[in-house]
Amino acid sequence: MPVVEVKLWDLERLTGASLDESTVRDLLPRLKCEVEEVSGEDVVYEATHDRPDLYSAELLSVYLKGLLGVEDGLPRPRVGSAEGVAEVEGPAYRPYAFFAVVRGVSLDDEAIRQLMQLQEKVHLTYGRNRRKVSIGLYDLDGIKLPVRYVAASPETRMKPLGFAIEMTLREVLEKHPKGVEYGHLVKGHGEYPLIVDAEGKVVSFPPITNSEDFRVTESTRDVLIDVTSTDPEAGRRIISLFAHAVAVRGGEVRPLRLKGALDEESPRMEPEEVVYDVSMNRDLLGLDLGVEETVRLLRAMRMDAEPAGNGKVAVRYPYFRVDILHPVDIAEEVAMGYGYERIEPAVIPPLHPGREDPIEVFTRALREGMVGLGFVEVNNYMMTSASLMFDAMLLPRQPIVEVENPRHEAYHALRTWIVPQLLRLMSSSKHAGYPQRVFEAGDVAIPDESRDNRVREERRLAFAVAGKGVTLTDGLAALKGLFRQLGVSFKLEKAEHPSFIAGRVARVVTEAGDAGIVGEVHPQVLVNFGLEVPVVAGELNVEVVMKCYLARLGGA
């Protein structure tokens with residue numbers, strides 16, 4: 001979780017309340033923040049990934065005001081008249097830009113540090129390392145409105161942040177630290193994102209760096225904020241978040257009218273609305289809290305709330321609250337306002353007794369079956385190398401799950417199949433004599449963009465038989481013996497696979513679909529592993545075989 005550092009004295013001046021270590025340690029956990037350290041004026045805490053509004057002192061102080069009883073209800077920054085328009089005609093791969101002006105802020109070194117911290121923490125988390133969202137803050141003095149978000153030539157020149165000389169955008173990607181770090185987000189495209197003012201002066205090269213000419217300093221009184229994004233909803237919420245945060249430092253928000261990719265006013269300052277049924281207090285929290293108490297607690301959590309009749313509450317919450325997706329999230333706010341420490345734990349009887357996962361039960365049966373067929377079980381690490389899985393097996397490289405900074409080249413990726421590791425084991429066991437019959441039941445990891453975590457895990461059963469005179473028949477005999485024990489039928493279909501001899505390899509097909517492959521290992525693969533006898537190997541998808549087995553039981 002993001003680690004945030006704030007100053008106690010800064011929180012005191014923003015809240016208008018006296019704070020000490022005890023108060024901080026009491027209140028921050030009620031905002032789902034884990035206090036790591038309070039040392040003198042330094043407060044260090046962890047905030048959750050879904051609460052970017054807690055990544056700096058500005059909005060943290062707003063919530064502390066609610067818990068301390070200083071203020072309640074929605075935070076209401078001053079909002080003035082629109083400043084004009086902003087033209088949005090950026091590159092297609094990063095099409096959206098949102099802007100806000102905040103006038104009359106009062107900044108010192110700590111205020112600037114907090115806003116920069118908020119910017120970087122949002123970049124790393126919600127912004128997906130600037131890929132999804134990037135933010136810029138500028139001294140508006142010297143910028144002539146309206147601003148434009150455009151697609152620019154890589155040869156366009158600017159003075160990047162921290163540099164005293166101008167360079168082309170292409171040079172920024174090569175020489176500026178942020179260009180080196182984030183250049184991959186724009187490299188390969190013919191045009192780069194750029195923000196310029198009405199006179200054509202470069203304000204920013206998002207998502208890389210800002211212009212040195214418009215750096216925010218302690219003398220800055222008017223701030224221009226931009227958010228560029230690949231997702232319009234994400235951009236809207238983050239520009240609203242930053243407008244609120246900067247306004248906490250004493251400013252007035254001035255919207256801009258977007259023209260181009262979107263036609264709307266930015267930032268959005270109006271709240272979201274949801275109707276909350278107070279019966280959820282008991283159902284989810286075990287608390288008997290009526291409408292009036294629920295309203296009071298939600299207002300303390302900096303939301304507007306009022307009775308809506310029939311045991312319901314109309315709730316309005318800040319648009320930048322990206323963590324609120326459902327009335328269940330409002331129940332969490334009620335719990336936070338009430339105080340987690342006041343909720344007494346209760347042991348809830350389980351709805352059903354625990355049980356072993358069916359896949360584990362079935363895998364154990366397969367292990368016993370293979371042992372009964374004369375195989376010896378082995379276990380390999382799930383970590384392996386691409387060279388073993390692909391190069392040694394005569395396969396083209398495919399997407400795999402890799403470790404970013406591996407300690408050892410032999411263990412830099414998660415395996416996508418098990419047979420290569422069995423061959424490696426046989427290679428190191430040549431002294432043990434033949435025939436050798438080994439198997440392993442374990443998991444593999446296959447990249448799959450359709451999954452939430454982009455990885456599909458499969459349980460596999462792999463086996464190998466090595467020895468003089470070993471042929472495909474030996475592999476088929478093992479398969480038939482195993483399937484006969486399960487009472488499951490299968491058939492073989494012609495297959496092609498570079499790791500096996502052509503014409504001596506087959507797909508194993510069941511009623512539930514393809515279950516795996518079996519074949520005689522290709523001579524070149526044997527050479528790659530230093531094996532001097534024929535080997536037949538196979539690998540099955542355990543879940544497919546289990547479906548057939550369970551279907552047979554269901555039909556019995």
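From the backbone N, Cα and C atoms, a Cβ is placed for every residue, glycine too.
Quick look at what Swiss-Prot lists:
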| type | residues | note |
| --- | --- | --- |
| BINDING | ASP323, ASP329, GLU332, GLU333 | Mg(2+) binding site |
| DOMAIN | 269-345 | domain 'B5' |
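Taking each Cβ in turn and tallying the other Cβ atoms within 10 Å, the top scorer among the binding-site residues ASP323, ASP329, GLU332, GLU333 is GLU333. In the three-state DSSP reading, ASP323 (Mg(2+) binding site) counts as coil.
Listed in sequence order, the residues ARG321, ILE324, VAL328, ILE330, ALA331, MET336 complete the 8 Å Cβ shell around the Mg(2+) site centroid, once ASP323, ASP329, GLU332, GLU333 themselves are left out. When the domain 'B5' (269-345) is classified with DSSP, helix, strand and coil residues number 32 helix, 18 strand, 27 coil. Here the domain 'B5' (269-345) has a mean pLDDT of 95 out of 100.
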